[in-house]
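Quick notes on the structure that follows.
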Amino acid sequence: MARVLKAAAANAVGLFSRLQAPIPTVRASSTSQPLDQVTGSVWNLGRLNHVAIAVPDLEKAAAFYKNILGAQVSEAVPLPEHGVSVVFVNLGNTKMELLHPLGRDSPIAGFLQKNKAGGMHHICIEVDNINAAVMDLKKKKIRSLSEEVKIGAHGKPVIFLHPKDCGGVLVELEQA
């Protein structure tokens, strides 16, 4: 019995030392440039501006972020030119937009018909030169949902990129 225990202990030590062996360093493919700067680029990505969430009940959603999570939450702001009412949720390093449809023609109404509980609608990323970004992305065969840049909910130029060209995510680019 002692011999069996000794052998088991030796095997365990051997297994443990194999588990402790240094893991080989794997270097991810990268360039020496930061992700937001590409050599020769005439535009650069900035920070994540916001994540927009379509909600079936704007008051309930706003109360959750304010009363349960303790976030700073704005009053509801109707934006008829965009077909939504929006509540802005300040998260410190970024924002969330809670979107609720204004009328049946709202793009958010269609989203909520397909997603009854609501959900993430889009992300917004700032760019330093939206016109250059649009021209460059067109050359790269990335489609947008409109032909031209429009003024967004924050009063800045924006354009939405087609989700089929962006890994299934609706991406809004906003002039920083």
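The backbone N, Cα and C atoms fix where each Cβ goes, and this holds for glycine too.
What Swiss-Prot lists as transit peptide is 1-36.
The domain 'VOC' feature in Swiss-Prot is assigned to 47-176; the stated evidence is sequence analysis.
According to DSSP, HIS122 (Co(2+) binding site) is assigned to a strand segment. Its own atom aside, the Cβ of HIS122 (Co(2+) binding site) has 20 Cβ atoms within 10 angstroms in the protein chains shown. Among the features that Swiss-Prot reports, Co(2+) binding site is placed at HIS50, HIS122, GLU172.
For LYS150 (N6-acetyllysine), the count of additional Cβ atoms within 10 Å of its Cβ stands at 13 [all protein chains shown]. Per Swiss-Prot, N6-acetyllysine is recorded for LYS150, and the stated evidence type is similarity to another entry.
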Any further residue of that chain within 8 Å (Cβ to the Cβ centroid of HIS50, HIS122, GLU172) of the recorded Co(2+) site: ASN49, VAL51, ALA52, GLU97, HIS121, ILE123, CYS124, ILE125, PHE160, LEU170, VAL171, GLU174
Among HIS50, HIS122, GLU172, which are recorded as binding-site residues, the nearest neighbour of LYS150 (N6-acetyllysine) by Cα: GLU172
